[in-house]
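Swiss-Prot annotations:
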- ARG28: site 'Transition state stabilizer' (SITE)
- GLU34, HIS35, THR36, ASP37, TYR223: substrate binding site (BINDING)
- GLY124, ALA125, GLY126, LEU127, SER128, SER129, SER130: ATP binding site (BINDING)
- SER130, GLU162: Mg(2+) binding site (BINDING)
- ASP174: active site, proton acceptor (ACT_SITE)
Amino acid sequence: MSLKQHTQTIFRQQFDRESDITIKAPGRVNLIGEHTDYNDGFVLPCAINYETVISCGKRDDRQIRVIAADYENQQDIFSLDAPIVPHPEYRWADYVRGVVKHLQMRNADFGGADLVICGNVPQGAGLSSSASLEVAVGQALQSLYQLPLSGVELALNGQEAENQFVGCNCGIMDQLISALGKKDHALLIDCRTLETRAVPMPENMAVVIINSNIQRGLVDSEYNTRRQQCEAAARFFGVKALRDVEPSLFFSIQDELDPVVAKRARHVISENARTLAAADALAAGNLKLMGQLMQESHISMRDDFEITVPPIDRLVEIVKSVIGDQGGVRMTGGGFGGCIIALMPLELVEQVRTTVAQEYPAHSGGKKETFYVCQASQGAGLC
């Protein structure tokens, strides 16, 4: 049974009527451009064919009623006419409540709704299950009530909900790619202007995500530390963000910076340049150059930003040993565990799968990987 059929069935069972519409919003993987988003830089993600699906219907009152199919049909009901505050128990409900509250703050004119939510974006793997949920809820209300909100506005609304209501600091990339993703394309995003450029992906190329299943310890505290170090470097150069520092200027005076701060800044500044080059390489179908840029990105994350861990480094090496210069591989996401992303010809996927299964557990304390073969997918919309 598809996610759409599943949510429609539960809607019928729980609410004794048919849903009006079903919408979806995808998760994402970032091909290159790591820890650049909060430095006003560039990122190159694609939406993936794992998504949050919501079947929904209008109500004739001012209640929002939500059922979480993935949490044993837990239910949340709240009023649009009372202050919207965090749920006393359900963490998932806060994402829904936050999106609704921030839509209200945008003066969006909408009434009550019944929602049934289900998703298959792996949680805790750095594939943006939360952004997928936020954009899906916004898209559901936008579609039900024909709200005059663009994809960029839905993405910003989701980011605000996560930052201010849920209390998790995040950049704009995850919500933006979920809202604006384009089938068979990556999206080059300027995180300062929010301008985007669709970048075609070569045909017959697989987007492979491998979860190391190494739990992402330290990620919150280390993320905040990295962010502070980047801000310190920007202050040193007298600019708003590291995006504004030319590589030539940085390399001419990097010795005057605190050595650790200099390493962090070097990653961000070089990663921005790599991301722009990668968009051009991908559009030209130059997988050899794309592979080199992804390799440089991983080395920079390992040595300058210091956010990889040995099992992740080994996993990257194992994949690279199979694909050579026919594709690229690097860690993706916040760091300290999580996933790697690999681009490769479809015909190499099974060889990579077999080699990783044979070699990786010896370097991970016996942990086995989880393997996802994805396609670059369309952003949020009707399902």
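Numbers here mean position along the shown chain, with the first residue as 1.
Backbone N, Cα and C define each Cβ position, glycine as well.
Shown on the structure are the features that Swiss-Prot records.
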residue : record                             : CB count, 10 Å
ARG28   : site 'Transition state stabilizer' : 31
GLU34   : substrate binding site             : 26
THR36   : substrate binding site             : 28
ASP37   : substrate binding site             : 21
GLY124  : ATP binding site                   : 12
ALA125  : ATP binding site                   : 24
SER128  : ATP binding site                   : 29
SER129  : ATP binding site                   : 23
GLU162  : Mg(2+) binding site                : 24
ASP174  : active site, proton acceptor       : 28
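The recorded positions shown are GLY124, SER130, GLU162, ASP174; of these, the one with its CA atom nearest the CA of THR36 (substrate binding site) is ASP174. Rounded to a whole value, the Cα-Cα separation of GLY124 (ATP binding site) and GLU34 (substrate binding site) is 17 Å.
When the alpha carbons of TYR223 (substrate binding site) and GLY126 (ATP binding site) are compared, the span between them is 13 angstrom. If you take the Cα of ASP37 (substrate binding site) and the Cα of the residue listed as 'active site, proton acceptor', they are about 10 angstrom apart, rounded to a whole number. ALA125 (ATP binding site) and GLU162 (Mg(2+) binding site) have their C-alpha atoms 17 Å apart, to the nearest angstrom. Binding-site extent for substrate: residues GLU34, HIS35, THR36, ASP37, TYR223, maximum pairwise Cα distance 12 Å (rounded to the nearest whole number). Of the recorded residues, SER130 (ATP binding site) and GLU162 (Mg(2+) binding site) place their C-alpha atoms 8 Å from one another.
Sequence-distant contacts of GLY126 (ATP binding site), defined by Cβ-Cβ distance under 8 angstroms and a gap of at least six in the same chain, are ARG216, THR332, GLY333, GLY334, GLY338, CYS339.
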